[in-house]
């Protein structure tokens, strides 16, 4: 099936939600026109995934590529405590790729947009002689002061949503032939392929005065170090408190690896890590748990710098930011 | 020089304006935080340029790549009558490319941002095994009804800003060894490498009630057809009125090509084409000329469909939208 550029964009756009609140003019003209409400501020973030460094056909179906690319950007909006609203997609397409492959990517985009009440307001599809790439820009809004990395204070508690390390373990399952129970494999691969950004949690953090927040895209170690650096504090993490799913523990046992490696250095969980005073944390915990979002305290903020892990046997260790880094060599 | 991802982004970000009006929080956190003024609507557009289909090292220095990529998106905001404000950049970088090359791209981004009072509020740099690509998202704003493609009415005049065909002629100069006068070559290559989006003109069009507008990115033929289709009208163009620079005429004479081919099918001029009633057009013309922006009437809107060219000898011809199309084969 051959399509010209405009026909192709029409075909793809038909698969995603394009109308909704705050959209004055959707895709199809030179630029989208979006409503900004009084008292709100606009949040903007952009992410790019390239086949090769970021995903492989063996581990990510085209649907997953579309889903996860948008998830990564929605997660950035979540980490600011905002509401994601609008998505712009740019696809770089090798000539070997057929229209149905692009449609599947857009089906994934459409699925996550519907789950998070977002609309696709712009898109661009270009040819490339290189590997597939997808760039997502997500615009959001918040009427509250946005959560930053720089507000953590000594005496605050450190906490995370959900489980960490699951996405990295999922990638290991997809890449290897480790013996994994069926339900473990399903949980882990879903964590890798269809991560769920923690938008509701971010809004609760912001509403209840969390002092800092970051999403766990590059691994817990990396994000904790970012908050520590931006806030000029030390994060002291009690390793036995880190929420690691049984499926990850089972996989680590089978593979003879360290569960904490998944948790600290895995990345792509798109959970949130934040800090708040104990009083604020109690309110965050209550609100989150009341709507089914799990939040776990994993440590404390202290005067100092860096990230220190406290092991069950009392041993301490500095945790450096060696999460996934595209340019480390 | 080896840099990790965060170091690289810091180095690049230092070369572009990151603070300015409407920026609450610039690059460096999960998402940028931008001010939306009451009564304003947000405009959003995204474009991608890939080495190979969109530019070649022989015709575009890295500085030009950065400059032109942002120009393309600013031009979309101009075509809506808006004010461009914020830029997000995503670079896909082959491993062969050095940091100073990326710095030059960012210098080009910084240059156009300064020229148009835009700030860079986000960025992403990723590795690719394929050719260089750059994705730009530009956010803008307008307090007026945005200009669309769909409002042209029979009896309106059709007009364009500046000159058309210059960018395509510039590409020919860069790719061939045609004998060109030095000043002609300088004008034409600048038109190709450093196009100037018509932001002020777009705002005047919008203020004075132009009925439709589009930027000339895919060639005048293509954009006229888009307006005709979206508005359900016919555009009747008098070819001798189309503003074509002497340098283009000279080049066409040397190469034995048709000047009108550059004008109709060249693309990438990033001028604006619009429609308005004769009364509105008179006001647009006066306002534009008073600040040094040239606007030229090139035809009329009629009942009917498509685009018809009227030649000096009275001959009529249908002009199809065969401007540059990435997926035409």
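A Cβ is built for glycine as well, from the same backbone N, Cα and C atoms used for every other residue.
Note that TrEMBL annotation is computational and uncurated.
TrEMBL lists B:28-141 with the feature domain 'PurM-like N-terminal'.
The annotation Mg(2+) 3 binding site is assigned in TrEMBL to B:30, B:76, B:215. Cβ neighbour count for residue B:76 (Mg(2+) 3 binding site) (all protein chains, 10 Å cutoff from its Cβ): 29.
Look at TrEMBL and you will find B:30, B:45, B:76 tagged as Mg(2+) 4 binding site.
Here TrEMBL flags B:46, B:47, B:124 as Mg(2+) 1 binding site. Residue B:124 (Mg(2+) 1 binding site) has a Cβ environment of 24 other Cβ atoms inside 10 Å. Look at residue B:124 (Mg(2+) 1 binding site): DSSP puts it in a strand.
The Mg(2+) 2 binding site annotation in TrEMBL covers B:47, B:76.
Per TrEMBL, substrate binding site is recorded for B:54, B:268, B:324. A 10 Å cutoff on Cβ-Cβ distances gives residue B:268 (substrate binding site) a total of 25 other Cβ atoms nearby, all chains included. A coil conformation is recorded for residue B:268 (substrate binding site) in the three-state DSSP classification, outside any helix or strand.
Residues annotated as ATP binding site in TrEMBL: B:106, B:123, B:124, B:149, B:217. The Cβ neighbour count for residue B:123 (ATP binding site), using a 10 Å radius and every protein chain shown, is 23.
According to TrEMBL, the domain 'PurM-like C-terminal' annotation covers B:153-308.
The Mg(2+) 5 binding site feature in TrEMBL is assigned to B:218. The Cβ of residue B:218 (Mg(2+) 5 binding site) has 23 other Cβ atoms within 10 Å, all protein chains considered.
Under DSSP, residue B:46 (Mg(2+) 1 binding site) is assigned to a strand (E or B) in the three-state scheme. Summed and averaged per residue, pLDDT over the domain 'PurM-like C-terminal' (B:153-308) gives 96. In the structure as shown, the Cβ atom of residue B:217 (ATP binding site) sits within 10 Å of 24 other Cβ atoms. Checking the binding-site residues B:46, B:76, B:218 against chain A with a Cβ-Cβ cut-off of under 8 Å leaves B:46, B:76.
According to DSSP, residue B:54 (substrate binding site) is assigned to coil rather than to any helix or strand. Residue B:76 (Mg(2+) 3 binding site) falls within a helix when secondary structure is assigned with DSSP. Cβ contacts within 10 Å of residue B:30 (Mg(2+) 3 binding site), excluding its own Cβ and spanning all protein chains shown: 29.
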